[in-house]
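A quick write-up on the structure given underneath.
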Amino acid sequence: MEGVRGGRHRHSFPLPSLLLPLLLLLSSATPAAAAYAAEDAAAISRFRQYLQINTSHPNPDYAGTTAFILSLARELALDSEVLEFVPGKPLVLLKWPGRDPSLPSVLLNSHTDVVPAEPLKWAHPPFSAEVEPETGRIYARGSQDMKYVGAQYLEAVRRLRAAGFVPERTVYLSFVPDEEIGGRDGVGAFVAWERFRAMRVGVVLDEGLASSDGEYRVFHGERSVWWMVVRACGVSGHGAKLYDNSAMENLMKSVEVIRRFRAAQFDLVKNGVKAEGEVISVNMVYLKAGTTGFVMNLQPSEAEAGFDVRVPPNIDTEALERRIAEEWAPSSRNMTFEFKEKDSIHDMFGKPAVTSADSSNPWWTLLEGAIKRANGKLSKPEIFPASTDCHFFRKQGLPAFGFSPMANTPILLHDHNEFLNKAEYVKGVGIYESIIAAFASNGNHGSQSTSKGIKDEL
Ligand SMILES: *[C@@H]1O[C@H](CO)[C@@H](O)[C@H](O)[C@H]1NC(C)=O
Ligand SMILES: *[C@@H]1O[C@H](CO)[C@@H](O)[C@H](O)[C@H]1NC(C)=O
Ligand SMILES: [Zn+2]
């Protein structure tokens, strides 16, 4: 394909000099090219089958995905197991045994569930996985988040198997439920499973985000969720009276202080000083006042506001807590606060739950090298602004990277008309082929000078 396309741009050459190489190219490359095209078409058709299974909440068709994944596992001769930590929420665990089971293993994780879609707002039905002929876009809920990645892991394994590759380390593929509703019954239960430790996972890959330019994004940490309710009490009174210390006045002073903090954090992002995942985001999600509903001529004695706060892994949380107690909800202003949800930024060993993304981490070196060898470009490692299943793994102290090889693609996860281009899908399979080969090879590849060091450290 590339050769033919390149040839088209050489129109200024005289005809014979253009024709000869083209003919040579066609005669030698056609059978192989045809075989590749057929393989890619088969891979895309399997991807579309996966997308056509409606795993949307609140009633995901997990039986459908389980049967589908097990049938592919049989084709690929992978060991399989269906784990049901919570009835009706199966986790499919596949295993490609490594030659040396004493080495830490590689875990490729993906979730099978998707968020609901509103079919009327879509140009193509969200579970038909139609391919738009002019653009090659495959439209479906889950095409980016994240059936794409799960299907690609399997295609990469298929290619490696066909090429005769035998992994040194064991490679596990987990297809998990529940991520879109918090993941507690999926990866949360998986990492707590008594046999999880026996899998001796050394590194985890999970989802990232699409990027609109040519570089792949990679995430090595996540912001933690702090859902906070701030409440104010105050003197109630007639709606016509001006007086101090009403609950609404007390609350609005806090809202103003929090709003200024939010603006300052946002300015850091707007001015390019920090990336989105590196600042504390605070968004007010509801306001409520009164105890008996709203009465227009009464100033209520209670008022509250809810905030979705997201906290990056490297901040001083004590300082933030002090700020909340002293400035956002001071008791001197008759205010209290409560966390509806407050995730730790630390792993179980008390360290910030961040995976090193530099040469101090041999898995990072392998990942970077593998992507480069597959002609992919990686952008600077980032902190994921929201949450994914990755945080469960990092909490266990495991290195985990959020990575979905989707370049030149608008971010449409959870949006209408989610799509992925066919060519981008196929390219990503090659990226995973390279990564899995590198991770599973125990460092016996690439530059000799680094392989020994990596082998010793892993
Ligand atoms: C997909 O499943 C959800 C239930 O989880 C249902 O509400 C929705 O209508 C289904 N969509 C289609 C196209 O069948
Ligand atoms: C706090 O509440 C008490 C009791 O309602 C009230 O007397 C006092 O003025 C309030 N103070 C402030 C700062 O709102
Ligand atoms: Zn996802």
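Even glycines carry a Cβ here, placed using N, Cα and C.
Remember, TrEMBL labels are computer predictions, not curated facts.
Keep in mind that what you see is a predicted model, and the values were worked out from it rather than measured.
What TrEMBL says about this one:
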- 1-34: signal peptide (SIGNAL)
- H111, D145, E207: Zn(2+) 1 binding site (BINDING)
- D113: active site (ACT_SITE)
- D145, E180, H414: Zn(2+) 2 binding site (BINDING)
- E179: active site, proton acceptor (ACT_SITE)
- 221-327: domain 'Peptidase M20 dimerisation' (DOMAIN)
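Sequence features, as recorded in TrEMBL, placed on the structure.
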| residue | record | DSSP (3 states) |
| --- | --- | --- |
| H111 | Zn(2+) 1 binding site | strand |
| D145 | Zn(2+) 1 binding site | coil |
| E179 | active site, proton acceptor | helix |
| E207 | Zn(2+) 1 binding site | coil |
| H414 | Zn(2+) 2 binding site | coil |
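Neighbour counts of Cβ atoms within 10 Å were compared across the binding-site residues H111, H414; the minimum falls on H414. Here the Cα atom of E179 (active site, proton acceptor) is found 10 Å from that of D145 (Zn(2+) 1 binding site). For ligand 3, the nearby recorded positions are D145, E207; that is, of D113, D145, E207, H414, these have a C-beta under 6 Å from one of its atoms. Every protein chain shown contributes to the tally, and the Cβ of E207 (Zn(2+) 1 binding site) ends up with 24 other Cβ atoms within 10 Å. Residues S110, M146, K147, V149, E179, E180, D206, T388, D389, S404, L413 surround the recorded Zn(2+) 1 site, their Cβ atoms falling within 8 Å of the Cβ centroid of H111, D145, E207, which are themselves excluded. D145 (Zn(2+) 1 binding site) and H414 (Zn(2+) 2 binding site) are 8 Å apart (CA-CA, integer value).
If you measure from the Cα atom of E180 (Zn(2+) 2 binding site) to that of H111 (Zn(2+) 1 binding site), you get 8 Å. Within 8 A of the CB centroid of the Zn(2+) 2 site residues D145, E180, H414, the other residues of that chain are V114, V115, M146, L413.
Counting other Cβ atoms within 10 Å of each Cβ, the lowest count among the recorded positions D113, E180 belongs to E180. With DSSP states grouped into helix (H, G, I), strand (E, B) and coil, the domain 'Peptidase M20 dimerisation' (221-327) comes out at 38 helix, 35 strand, 34 coil.
In this view, D145 (Zn(2+) 1 binding site) is surrounded by 25 other Cβ atoms within 10 Å of its Cβ, with every protein chain counted.
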